[in-house]
Structure formats: structure tokens, C-alpha cells
Amino acid sequence: MAGKPVLHYFNARGRMECIRWLLAAAGVEFEEKFIQSPEDLEKLKKDGNLMFDQVPMVEIDGMKLVQTRAILNYIATKYDLYGKDMKERALIDMYTEGILDLTEMIGQLVLCPPDQREAKTALAKDRTKNRYLPAFEKVLKSHGQDYLVGNRLTRVDVHLLELLLYVEELDASLLTPFPLLKAFKSRISSLPNVKKFLHPGSQRKPPLDAKQIEEARKVFKF
């Protein structure tokens, strides 16, 4: 029997959080080995575990996978969260790319220089309210199902829920004009595996604080 996937990353959200979310939604238990010092990262590099000398890295099925999208694609395929055919997969990919674009925009706000934060936060809110959330509200309305693609859970539902929770952290009022997205959020949050991941004490990570940012800067030298 194969062991649990092992996730190598800093003890924070970053580019690993969507991977944690997808594994959790699939009901897959995983272990985490946190990179806590520059030496930890250097050892992974010297041991040949990081193809491009960067994390996240996931050990799964005898492989050491890097690149977030490649990891997500593998997990989604392995656990049947990638649609039933090529057309569904194309929609899933298209929606996912938009979700990840906004997720990254919001996630980067905490790292903005103070003199840029107000403007970039305003831009993120504008894109959220006027570009991305209307697009997904429209998808839910036209598709008429509980899920974004097909009639069962896929990876894109998990990614969208994660994004909606980040939007709430940014400004909860941004969701107010979108009743279908609000209902979607409640519906997906109530799925047993997702509900468990949302419960305190899970491997879900909180927003970055100043201390974590400083520790990350020391480890990753950015």
C-alpha cells in the first residue's frame, strides 16, 4: 500500500495551499515536512529533490512532483476530480486558470510594499467585483447545477470555494451581489471532506502574519 503524500513547503498558505485543499476534498490524508531554514531548502536542492530548485514539492506514488499546476493536475486525475471527458476538462482548466489568477492577486497583497498596498488592494477588489465573480455567477446560472462543471464535484469547485473564502477575508461585502456564489459556497463547504478541512485543527493554513512573512523572507530570500 502506498504511503501518504508528503508535502514539502513553508508552514503557510502560499502555492501549496490549493494542493492541501484538493487533497483534503478528495479525502486523502497527507503529511507535511516544513521548510524552516535556508539549510532545509538547500538540502532538498542538493539531494536532487527539486527539479527547478523551487517548492512546492509533493512526494506521491514514487514521484517527487514540482510545479503547482502539474501537482494539481495529477491529484485531480488520480482522484477523479477532473471531469468525465475532454470538454469538461477544458472548461475545468479554463475556469481554474481564472480562479488561480485572482487567488494569486489577492495572495500577493500581504507582500506588497506599504506604499503600493492601497492601490493594489483597490485593484484586486475591482477585479473581484467586476470581472471574476460576475463570470462565475453567470456560469452557475447558465449551467443550472450544484457544481460548476458537470453534475458532480470536480477540482474547480474546490478551487472556487478556496477563492471565495479569500475574497471574504479581503472584504466580505464583495460577495453580497452574488446569491448563486453565496449558495455555492455554503453547499460545497458542507461536503463532509471539505467541512472537516474547514474545522479548526485541520492542516488548513491561516493568513500570513508579519512574523511568518519575515521567516519566509529568510528561508526563500525574497
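Note: Cβ is positioned from N, Cα and C throughout, glycine not excepted.
What Swiss-Prot records for Tyr9, Lys45, Gln54, Val55, Gln67, Thr68 is glutathione binding site. Gln54 (glutathione binding site) counts 14 other C-beta atoms within 10 Å of its own C-beta, drawing on all protein chains shown.
Per Swiss-Prot, the feature domain 'GST N-terminal' maps to 3-83. Confidence across the domain 'GST N-terminal' (3-83), taken as the mean pLDDT and rounded to a whole number, stands at 97.
When DSSP labels each residue, the domain 'GST C-terminal' (85-208) comes out as 95 helix, 0 strand, 29 coil, counted as helix, strand and coil in that order. Sequence annotations record features per position, and here Swiss-Prot assigns domain 'GST C-terminal' to 85-208.
The N-acetylalanine annotation in Swiss-Prot covers Ala2.
In three-state terms derived from DSSP, Lys4 (N6-succinyllysine) belongs to neither a helical nor a strand segment and is classed as coil. Residues annotated as N6-succinyllysine in Swiss-Prot: Lys4.
A gap of 22 Å separates the Cα atoms of Lys45 (glutathione binding site) and Lys4 (N6-succinyllysine). Here the C-alpha separation of Gln67 (glutathione binding site) and Lys4 (N6-succinyllysine) works out to 19 Å.
For Lys4 (N6-succinyllysine) paired with Gln54 (glutathione binding site), the C-alpha to C-alpha distance reads 22 Å.
Note on the binding-site residues Gln67, Thr68: the fewest other CB atoms within 10 A surround the CB of Gln67. Between the farthest pair of Cα atoms in the glutathione binding residues (Tyr9, Lys45, Gln54, Val55, Gln67, Thr68), the distance is 17 Å.
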